[in-house]
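Visitor: The structure follows.
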Amino acid sequence: MFVFIYWVTTALFWYLISLAISLTFLPLNTLIFGKFKDRGYAFSKVLGLALFGYTAFFLNSLKIMPFNQNGLFWLLAAFLGLNLFLLNIFKPKLPKLSIVLCYELFFLLMFAGYLYLKGFEASIHSLEKYMDFGFIQSLLNTKYMPPQDMWFASTLKESLSINYYYFGHFISALLIRMSGTIPSIGYNLMLGHIFAFGTTLSFALGFNLYQLLAKPQNQKNALRLGFLSGVLSMAIMNFGGNLHTIYLFTKGYLADNPVPFWQIWSNYNPSSYWYPNATRFIPLTIHEFPSYSYVVSDLHGHVLDIPFVLLILALSIVIVQIKNWRKLLLPLGFYSLILAINYMTNSTDFIVYSVILFFVLMIVFDHLTKVLALTGITGLTALVLTLPFSINFKPFASSLGVNCAPDFLVAKGSLGPLLFEANKCQNSPTWMLFILWGFFWIIFLIFLKTIFFNKKREIYRDRITYYFFFVFTVSILLTLFAEFFYFKDIYPAHFRANTMFKLGYQSFIMMSILSGVVIVYVFKGLPFISKIFKLILIIILLPLLTLVLIYYQYALPSYFGKTGFQTLDGTYWIKQQYPDSYQIIQKLNQLKATLFDFNIVEAHGDSYSDYNLISAHTGLPTIVGWPVHEWLWRGSYDVVRPRAAEVQLIYEGDEKDLLPITKILKKYKIKFIIVAEMEKRKYPILNSQKFYKIAQPIYINKKTNSYLFKLKIND
């Protein structure tokens, strides 16, 4: 019982930090979202986190403010003073206390509910979790940005920082630092925080979009129907999947060889259903969605960007309503900031929401030149705001490949940014695309039929109607983008997988929110829709909506099991499976308090394996980590291969000639040598006794011959 109370108080203090940020920025948030029916209170949480987090990142990058708890609280106090000043000068009408309490109660309920479930399976293990946690630990080790790459140690001649999009991980580290939470617990608290953001903000978007779409018709029931819209939008986005659950009624198929469902019909057969198949249905591609992300629990960029994506959609709704261009300055300024955060967190989101801004401004202005100018200025401002990040970042994707390019273009090779490659031709069968996106396609057709082309509406094609049209259209085009183009990366067979994944993820978010509003509006908000037509729609939509919403029911037990609440500490599993590595991790994390800027060496191994466990869980740089990841981040395997050979020499080199080994250790400023489970597995002829000549053991397990050596040569 005492342990459970500890988890509750830890999570509650984290929540109170989030609440403090939300309330601090409430006056500024109300100046932006004050026209929303609920005064936009829900968005103060993420707006505050965005501005506060970016400012901390900016000041730290300039070495003005160290990344410590005191500095962060002083910065928050400064923002509190600024917001009190804004409150005094502009006197915005703040949201009612009842609205604040309702949103906070809902947020807290979602946060607590997810954490309770996460306690069933809290391990930071599998998929991308090592990378994500390693980034967070590296950031927590950092006094000033940029953070060191834990899988590519700096040398005496060159400092090597993380060459990936890590701003979302910075926000995670910021909340961990402010709350004083143990990082391995903070990782899971951040997942709960994002889930609470996703549910709360999607509800707020659905609620407020309904008020705008229904206005001025049926205002008598607008609040009630807006509530239903919010609930449905929230449910589809955060709990829904795609139509792949139709395979619950089939004999099943091998994961790499999907079969049309109508060829393998059977009775209800849940044992044949494997929830990840919904995200890898089209061969050699990826098409994930938020509910899957919440289950598998990676803190990757596309997940960390969910709150900021929902905020930028809210800003786009503010912009589309503005009639006086002078009033655009504040929301466009914040749009630039969130675009910058999109780029630094999940770069393709910068492109997606720049396109959304272009079409939103097309609704607001009649002149294309003005639209292009404002879109360009906003985008350029965002790129300037990314400079603290991008000045130390080297992009690793610069070409746009053409899928199924004709032979004469393949012979040419490239044309500007366009790349024409041989043997790069993959097409998605239409029926498979329908399984993934058919539900949203049908909702869009219903929208066109009943709303966009319906002149019976009191306001025919007003701004918000066009907003729905353009956001739906852009979303659908994004789902089809990978049929024609792909962003070049290092994966030969899966060359369009990341393109489909990154763009499709945003499409799912946008269409989920719009779909909830459209469904409620068509069935309850339009008085002139005939009962027969509604009955036809119910017959079509009810089975499809059911298939979408039952996904979570099958994903949750598959991942979390039925063990009950165990822990929120993501490292508990290491103690059971790799006890020596666990003790070494604890020792190194203790040493970080007194020793600064030191590197380690451990066995390296395949990406997505348990190799590089210790660097990931301490954030301490090792000579080389997961090789495919570093290949992607560094642009070539040629820089990875020599390091792998050097690590092998350290562990398997001749004990009679330690000079080559000591040269490597000095080159990478190695302070500690690890000999634990993974090193003995990787290097069968390892002789750890040779390290006594150049180091002293500070952890020994004689039963397992595991050690942590502290080097003498780099003291």
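Cβ coordinates come from backbone N, Cα and C, glycine included.
According to TrEMBL, the protein has these features:
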- 12-34: transmembrane segment (TRANSMEM)
- 46-65: transmembrane segment (TRANSMEM)
- 71-90: transmembrane segment (TRANSMEM)
- 97-117: transmembrane segment (TRANSMEM)
- 185-210: transmembrane segment (TRANSMEM)
- 299-320: transmembrane segment (TRANSMEM)
- 327-344: transmembrane segment (TRANSMEM)
- 350-365: transmembrane segment (TRANSMEM)
- 372-391: transmembrane segment (TRANSMEM)
- 431-452: transmembrane segment (TRANSMEM)
- 505-523: transmembrane segment (TRANSMEM)
- 535-554: transmembrane segment (TRANSMEM)
Visitor: Might you confirm whether the transmembrane segment (12-34) is in contact with the transmembrane segment (71-90), defined here as three or more C-beta pairs under 8 A between residues 6 or more apart in sequence?
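Guide: Answer yes, regions in contact.
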Visitor: Sequence gap of 6 or more, Cβ distance under 8 Å, 3 or more pairs: do the transmembrane segment (97-117) and the transmembrane segment (46-65) meet that?
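Guide: No, the transmembrane segment (97-117) does not contact the transmembrane segment (46-65).
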Visitor: Taking a Cβ cut-off under 8 Å, which residues six or more beyond the ends of the transmembrane segment (327-344) line up next to it in the same chain?
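Guide: Cβ under 8 Å, 6 or more out: 31-32, 47, 50-51, 53-54, 165-168, 305, 308-309, 311-312, 315-316, 318-319, 350, 353-354, 357, 364, 374, 378-379, 381-383, 385-386, 389-390.
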Visitor: Might you confirm whether the transmembrane segment (46-65) is in contact with the transmembrane segment (431-452), defined here as three or more C-beta pairs under 8 A between residues 6 or more apart in sequence?
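Guide: No, the transmembrane segment (431-452) does not contact the transmembrane segment (46-65).
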Visitor: List, by number or range, the same-chain residues at least 6 past the transmembrane segment (185-210) whose CB is under 8 A from its CB atoms?
Guide: 10-11, 14, 18, 36-38, 40-43, 45-46, 103, 106-108, 110-112, 114-115, 118, 122, 124, 129, 132-133, 136, 172, 175-176, 179, 222, 225-227, 229-234, 237-238, 290, 294, 297, 299, 303-304, 306-307, 310-311, 313-314, 317, 464, 509, 512-514, 516-517, 520-521, 525, 568-570
Visitor: Six or more residues beyond either end and a Cβ under 8 Å away: which residues meet both conditions relative to the transmembrane segment (12-34)?
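Guide: 40-41, 43-45, 47-49, 51-52, 76, 79-80, 82-84, 86-87, 90, 92-95, 104, 108, 111, 175, 178-181, 186, 189, 193, 314-315, 318, 330-331, 334.
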Visitor: In terms of Cβ proximity under 8 Å, which residues at least six beyond the ends of the transmembrane segment (505-523) contact it?
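Guide: Distal contacts: 202, 205-206, 209-210, 213-214, 225, 228-237, 240, 288-290, 302, 306, 309-310, 313, 348-349, 352-353, 356, 437, 439-440, 443-444, 446-447, 450-451, 468, 471-472, 474-476, 478-479, 529, 534, 537, 541, 545.
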Visitor: Which residues of the same chain, at least 6 past either end of the transmembrane segment (299-320), have a Cβ under 8 Å from a Cβ in it?
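Guide: Beyond its ends, the transmembrane segment (299-320) has Cβ neighbours at 32-33, 35, 40, 43, 45-47, 49-50, 128-129, 131-133, 136, 165, 168-169, 171-172, 187, 190-191, 194, 197-198, 201-202, 204-205, 208-209, 212, 288, 290, 293, 328, 331-332, 334-335, 338-339, 341-342, 345-347, 349, 353, 356-357, 360-361, 363-364, 463-464, 466-467, 471, 501-502, 505-506, 509-510, 513.
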Visitor: Would you mind listing the long-range same-chain contacts of the transmembrane segment (535-554), meaning Cβ under 8 Å and 6+ residues beyond its ends?
Guide: 235-236, 239-246, 248, 270, 273, 275, 278, 291, 295, 438-439, 442-443, 446, 519, 522-523
Visitor: In the same chain, which residue numbers or ranges, 6 or more beyond the ends of the transmembrane segment (46-65), come under 8 angstroms Cβ to Cβ?
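Guide: Distal contacts: 18, 21-22, 24-25, 28-29, 32, 71-72, 75-76, 79, 144-146, 167, 170-171, 174, 197, 201, 307-308, 310-311, 334, 337-338, 340-341, 385, 388-389.
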